[in-house]
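Just below is one structure, and these are the notes that go with it.
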There are 4 protein chains.
Amino acid sequence: MSGSSFGKLFRITTWGESHGPGIGVVIDGCPAGLALSADNIQAFLDRRRPGQSKYATKRNESDTVEILSGVFEGRTTGTPVSLLIRNQDQRSRDYGNIASVFRPGHADYPFTEKFGFRDYRGGGRSSGRETIGRVAAGAVASLLLKELGITVMAYTKAIGPIHIAAEDYKYNEIRENPLYMPDNAAAEQAGAYIAALMAEKDSCGGIIECIADGLPAGLGEPVFDKLDALLGQAILSVGAVKGVEIGDGFAAAGSTGSRNNDPFCAAEGRILKNSNHSGGTLGGLSDGSRLVLRVAVKPTPSIAQTQNTVNENGENTEINIHGRHDPVIVPRAVVVIESMTAVTLADLLLQNMASTMDHLKKVYQDR
Amino acid sequence: MSGSSFGKLFRITTWGESHGPGIGVVIDGCPAGLALSADNIQAFLDRRRPGQSKYATKRNESDTVEILSGVFEGRTTGTPVSLLIRNQDQRSRDYGNIASVFRPGHADYPFTEKFGFRDYRGGGRSSGRETIGRVAAGAVASLLLKELGITVMAYTKAIGPIHIAAEDYKYNEIRENPLYMPDNAAAEQAGAYIAALMAEKDSCGGIIECIADGLPAGLGEPVFDKLDALLGQAILSVGAVKGVEIGDGFAAAGSTGSRNNDPFCAAEGRILKNSNHSGGTLGGLSDGSRLVLRVAVKPTPSIAQTQNTVNENGENTEINIHGRHDPVIVPRAVVVIESMTAVTLADLLLQNMASTMDHLKKVYQDR
Amino acid sequence: MSGSSFGKLFRITTWGESHGPGIGVVIDGCPAGLALSADNIQAFLDRRRPGQSKYATKRNESDTVEILSGVFEGRTTGTPVSLLIRNQDQRSRDYGNIASVFRPGHADYPFTEKFGFRDYRGGGRSSGRETIGRVAAGAVASLLLKELGITVMAYTKAIGPIHIAAEDYKYNEIRENPLYMPDNAAAEQAGAYIAALMAEKDSCGGIIECIADGLPAGLGEPVFDKLDALLGQAILSVGAVKGVEIGDGFAAAGSTGSRNNDPFCAAEGRILKNSNHSGGTLGGLSDGSRLVLRVAVKPTPSIAQTQNTVNENGENTEINIHGRHDPVIVPRAVVVIESMTAVTLADLLLQNMASTMDHLKKVYQDR
Amino acid sequence: MSGSSFGKLFRITTWGESHGPGIGVVIDGCPAGLALSADNIQAFLDRRRPGQSKYATKRNESDTVEILSGVFEGRTTGTPVSLLIRNQDQRSRDYGNIASVFRPGHADYPFTEKFGFRDYRGGGRSSGRETIGRVAAGAVASLLLKELGITVMAYTKAIGPIHIAAEDYKYNEIRENPLYMPDNAAAEQAGAYIAALMAEKDSCGGIIECIADGLPAGLGEPVFDKLDALLGQAILSVGAVKGVEIGDGFAAAGSTGSRNNDPFCAAEGRILKNSNHSGGTLGGLSDGSRLVLRVAVKPTPSIAQTQNTVNENGENTEINIHGRHDPVIVPRAVVVIESMTAVTLADLLLQNMASTMDHLKKVYQDR
């Protein structure tokens, strides 16, 4: 077991359980000289903080970050940046009744099979709170990218059956509605849909889209560490994600070569593409166009309806899940997807530094 | 650049270009004592070999494997297994005319941007021939899995608009048609569809599905090396793949919690699920049910139509691609997807050995 | 930069600076089910804590550990174990005068060259306090080893010119003197030697020896992850270490094959060796005998004498180092060497789990 | 088992057994644009080739290298460089009589314990022929270093009791004698010493020293991937090596701070050191001075004297080793040590590319 690290050079290691003392991340390999403060990170954490809308759990957490290392006089030093977020509102009593029963749609059963027992309080390590470390790291990665002119942005494309078509996006409205949709009107519809499901003690899923602009061509490492591949790992490692696609994705499977190929064109001394069915990657490397990926998020498995299941003794039983749960995971996962994308890009930017002798000479020969 | 390795314990490193002397893979970490012969590997390679149907390139390659190390008296020794497949039919002259022009839908442009120049012969490292190393490794992984009662099988679920519904699968027909579809009738339709596109100098894509049976619950390493996440990397690292989904995948995004949750049930002393919307993973770990994943494959980018593009001097130009190309990548990619799935599972089985003190005691205390 | 992690399966990631908020380590990959409490770890930390003898810095730190994750109801859960030790007595003012001057024998100059600037307070990340994370991890590794019948023990073999011959070791006296020497009389001599140097504002070095008993034969992974190789990395990664040798080490270079070979002999159904010049490794794998390694530790570079050096502007200058420093690093490094050895062995035990199909069948086939 | 790779960015994976079809290495991560031909590599391989002097095995191998991938039109492409060296003179019959007996001083016993059985022909993977892959990779690393003004050179400092003091080195004589000693007169003495041992069917060991010049300050990654630490792993992973020291090494353990510290001094706008007890590393990073390391090599364990040992049934027996063996490993290991040093430095140069935001901006902002 050694799966709590991600990235080769910009490498993050997360730790922490839902109801333990806290959650955190160690970022090893952040280049020295990046301006970084707790405020920078807090702004990201606040976007996933619970208790902020009627569509989110009422668990009360300030999720305040403390920088424990790696920053001196406002800049990263090149040594590990350790970030700590204390848990505060741990009502473990909510979970006593499910300690020995496997919740459908949750990790309870396979965790018990794998490790012999499990920390049942709030899902332990498999809780959504695990993503705090990812978001804290994503904040740092995003700052790094920004210094190089690269921006990453995620938003909600669909909630249940309410989809927004790309041509209708109003990016400026994303932060104006609690569902982070690029269309306030659609968000209102989606809100009504969620409310109806809540009344039935049910939940729903949705689709998150993430875009990145300003990428140089050539990021990604053939063949297993392609940009697509590492994004795939990064995104599918987020709980509740069941699918990921890049560019036209599954729709490309039904297209033809003549329609799906993006012709190159030269304009103003740059090489561009006339379309972007590829979603910004060719041969596993960034192609200089906008990166576009979409993520399928399943409905919240914790629902208040009575469900059939099995207990640890292998006996059939029923379960009623209390506690505080989001009726839809999507809105709070938006910043998680954005963060994992940013971390992946930061790592590949660092890896790409060593891709040619020319790069090496640029750095070493004018010293 | 260090992206040609995959896996942590069952670790494969592939190398080779389309028109170089050969292609190969080093498998480091295969446990000692596995019966292995060149024939075992050849059987897999023959499934992706070119020239076998009218839907595949006419390039003539026997793709004969040589075992260079790691096997002694018919069994793996625990040291690296090095496999070599020589290229034979390298008609590099086919590629002279595209040496300085970027083919749409191909890796030419970002490779040149990344590395400063490129081996333009047949796509070099970004050629489909790169997958030979994956398939050779997949053969070994599959043998290992089989010894532990685990089977992996991939097939073509869709070619362009011709989809086969899961309830119509006839698994026994998969090897009976050149498209590896679990329905000979659908395969015939798909064949006609491909033929029509070929007449128009066009190409198509499709969807591959892969299933695995016999997995113990608990495979996968929280949180970044989840089974889903590593499958995501493995699959999206295959050229032409634009999306991957597990279980209900993108459909789950439109479902509700009450419909999407799979209730557990106890039967004959085992813990089962009444449905399998999850596709065999919960919390990123195998849940003891059948693993099900689907893969979107884009249309072959090499088409014989004239296309607009740009040359290395940044000038607009046209390109006519000759050479020998598959009108659809899907059928030959089936065994590649199966192989990458097998490699991922083998690696996670090895990693899972160290998950509990009980496992350690089982191995070390009866010595 | 990504050098703060060590180990492949039992993987530790340390972080923290001398004068930041704290120091810590994340242990990823500790098998589930290991009994673990803060007391277990504290016992190790207390062995390297400052202020405990006249040969150690007077810095006053309780070095109290907090377990932040990965332990539930007294046992490891299989998820990352995060450990935090707050810094308390950070007298940064001691370091103001050396902020812009490079201390001889210290990391100041290359850190500045590498990262562009440095956290000069107490050496920042290059301080001896960095080893706290190693020792906390070593405590956990040692517990794991103990469960499998393996013990690791380090001690001081030499201080400056005072060496103890192996035949004179009295292991029971190691904890009876503040220098951790297996001979109280030698320790008294060494104490006098140190006192004389302190009077001259000078410092000294020494040799640490570490042994491990109970190892199964076969630990280590050919060829680059040999037991010897990973111990070499582990030990030489400790600050102030300038050499490492295994078994007869450098003396073997002057021996002959007939004297240096250890004949095997069978006794009571076991395969033993008549001698142990090899120090417990053959071909890079443990050979079932006692593991023996020795470590050269340089004299403390911080001495109170005036020294010539250069400042950040590249001007010649003098430096007078104040602050609180150990006159000899060796005694407090003993537990660090023991810890790094334990971590290395724990990792290789986990890796070795997957070495044969027999091991796999033992774990997977009786489920 | 996954120990056949070394390096993080400049990553080498070796494979092959003494009596299998061949030996090889895959170099993943070599930057694109490095001029490379088979001749460059052959020159290195010829330095370790057997049969070239009376002090080396008579096994007849041309050790001819074939470049299988990663080079196009005389330059590296950025994709894996795969190198193959076929075995030719495999007289396996020499080893039949030791198939079931454990040779003292060899890996036979722990390999059998680890893997359940072993390829006994010539030691299989634990043979000295395994180092061919290291040397081939070292040739490539050395070319890369040379482009950046860095040179690495190893030589024999001692054979048995014949040591050469540093002040007596005549570097120009190293290639003039078959023992690669920097003093032809000492080499003659050493030759006589070896001849005397051969007459007694015995063998001897020695010490190799390796230096590197032209390194920038700051190479190495704190804290576990220090330059010292990775050199330690690299060097101790070579068979027959029992110790490694940097700078004054074990002698530093007996020194004092005032003598062991190297004062900095400014001269001609550069920061230098007045002495080099440190051997070119401070705090685990290169300090801009000459890197100096020494390696203890044990006597050849294969000696023609009758030795006591045990067979695979655990019975006491005697063994007489025939076959073709070097009476001293040192001379042929010189280029191996040089190669492992070069590979380590190349990898750290690549890693260091991403150490600061300034480096990133230098590469990405003038695109």
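A Cβ is built for glycine as well, from the same backbone N, Cα and C atoms used for every other residue.
Record features, source TrEMBL:
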- D:Arg48, D:Lys54: NADP(+) binding site (BINDING)
- D:Arg125, D:Ser126, D:Ser127, D:Gly283, D:Lys298, D:Pro299, D:Thr300, D:Pro301, D:Ser302, D:Arg324: FMN binding site (BINDING)
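Feature map: TrEMBL annotations on the structure.
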residue  : record               : CB count, 10 Å
D:Arg48  : NADP(+) binding site : 25
D:Lys54  : NADP(+) binding site : 11
D:Arg125 : FMN binding site     : 30
D:Ser127 : FMN binding site     : 21
D:Lys298 : FMN binding site     : 31
D:Thr300 : FMN binding site     : 25
D:Ser302 : FMN binding site     : 24
Key: binding-site residues satisfying Cβ distance under 8 Å to any chain C Cβ, from D:Arg48, D:Lys54, D:Ser127   = none
Query = Select from the binding-site residues D:Arg48, D:Arg125, D:Lys298: which have any Cβ-Cβ contact with chain B shorter than 8 Å?
reply = D:Arg125
Query = For D:Lys298 (FMN binding site), what is the secondary structure state per DSSP, taken as helix, strand or coil?
reply = coil
Remark   = Between the C-alpha atoms of D:Ser302 (FMN binding site) and D:Lys54 (NADP(+) binding site), the distance in angstrom, to the nearest integer, is 16
Query = Cα of D:Ser127 (FMN binding site) to Cα of D:Lys54 (NADP(+) binding site): how many Å, rounded?
reply = 20
Note = CA pair D:Thr300 (FMN binding site) / D:Lys54 (NADP(+) binding site), Å rounded to integer, equals 15
Message = Using the alpha carbons only, what distance in Å do you get between D:Lys54 (NADP(+) binding site) and D:Lys298 (FMN binding site) once rounded?
response = 19
